[in-house]
Amino acid sequence: MLRAAGNLSKSMMKSQRRFLNLQEFQSKEILEKHGCSVQNFVVASNRKEAEEKWMSFGDHEYVVKAQILAGGRGKGKFINGTKGIGGVFITKEKDAALEAIDEMIGKRLVTKQTTSEGVRVDKVMIAEGVDIKRETYLAVLMDRESNGPVVVASPDGGMDIEAVAEKTPERIFKTPIDIQMGMTEGQSLKIAKDLQFEGKLIGVAAQEIKRLYDLFIAVDATQVEINPLVETADGRVFCVDAKMNFDDSAAYRQKEIFAYETFEEHDPREVDAHQFNLNYIGMDGNIACLVNGAGLAMATMDLIKLHGGEPANFLDVGGAVTEDAVFNAVRIITSDPRVKCVLINIFGGIVNCATIANGVVSAVNKIGLNVPMVVRLEGTNVDAAKQIMKKSGLKILTANNLDEAAAKAVSSLPK
């Protein structure tokens with residue numbers, strides 16, 4: 001569940017579902033609209049716009065943040081950057097903040113969640129600094145184990161929650177919420193105490209927690225993550241950094257939120273894949289992967305790396321895949337010029353292996369394939385699928401298990 005709290009953009013049960021992700025400033029706009037406490041902030045596309053908008057700020061600290069969807073901005077690096085700053089810059093000097101804006105806008109930011117090519121920064125958010133006394137972590141998310149919303153809270157905020165879970169799991173508190181009853185006053189007070197708020201701030205924090213939960217329900221979110229939720233030196237509670245995800249199934253009744261959606265940051269192949277209900281994420285390697293199931297896809301990538309290779313992508317075709325979707329999956333993964341081998345790994349439960357085979361053969365015949373292809377098929381109609389492959393006359397390397405498939409894919413790469 002904590003992995004989900006860190007990144008809910010992974011997927012799907014019965015069919016492919018994509019989650020809408022928002023940039024931080026968009027999440028803060030939603031928080032503000034729903035009565036949650038956020039510090040003053042503005043969004044700008046250039047230095048002049050920033051100066052005009054932040055005139056209302058006091059002479060306090062300025063926090064300049066590059067607005068991209070990827071996490072890890074603070075430790076990120078700009079390609080061709082000259083100032084040595086990352087995607088988050090904090091200063092008390094207005095001139096230094098303006099220089100940081102110049103450094104960020106128009107450059108590509110590389111973080112642990114982007115490819116080596118990075119993501120172009122077109123907007124920055126400038127927030128008014130607050131005097132932080134203490135940082136906590138709070139997330140509301142949909143949890144399969146609980147069949148409903150769960151609040152994940154920790155008094156150790158401002159850091160990677162997965163690191164907290166690994167090193168000090170006793171510092172993480174989970175509170176399931178009955179989606180019919182909603183969050184009770186007792187639950188919000190307990191969570192505030194779990195976060196180690198004291199005195200009158202227990203009530204203040206409890207109200208903020210309740211507002212965040214109500215927001216989560218009102219906007220059909222799959223995740224509302226506040227890291228950090230802070231206590232200030234003058235006794236206030238603020239949502240300083242926010243991340244939200246929304247289920248596409250809610251788009252018809254959340255038109256205002258889904259109007260935020262943009263594909264500018266996405267890999268064109270990712271946008272292309274979405275049209276065919278394919279879950280595609282580009283990576284930096286040269287072995288393209290076509291797999292059914294997110295777990296099997298990740299295991300496939302792990303074994304590729306274990307054998308010394310690097311995956312070029314994550315691609316889950318899902319359980320309801322058609323021949324046309326398989327055709328387009330092959331087309332999309334082979335459109336990456338870095339790809340030197342294709343690995344297809346299918347375990348057919350719901351998926352019909354013959355459907356996969358027909359789609360692959362059709363794609364190779366129409367598109368052509370100039371790199372080795374390794375195929376491992378098991379499950380429903382596997383014998384028919386193997387016959388389809390055999391009769392096609394295509395030069396396809398077969399494997400009996402995943403480990404063998406990964407090893408063959410890596411060994412087939414040009415030396």
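Backbone N, Cα and C atoms are what each Cβ position is placed from, and that goes for glycine too.
For the substrate site, Swiss-Prot records GLY349, ILE350, VAL351, and the single candidate of ASN286, ASN292, ASN400, ASN401 listed with them is ASN292.
GLN39 is the only one of GLN26, GLN39 that Swiss-Prot places in the GTP site (with GLY72, ARG73, GLY74, VAL130). Each of GLY293, GLY319, VAL321, ILE346, PHE347, GLY348, ASN352, GLY379, THR380 belongs to the same chain as ASN292, GLY349, ILE350, VAL351, is absent from that list, and has a C-beta within 8 angstroms of the C-beta centroid marking the substrate site. Cα to Cα, ASN292 (substrate binding site) and GLY72 (GTP binding site) are separated by 29 Å.
Residues GLN39, GLY72, ARG73, GLY74, VAL130 are recorded as binding GTP; their most distant pair of Cα atoms lies 21 Å apart. Annotation note: VAL351 (substrate binding site) sits in a coil segment as assigned by DSSP.
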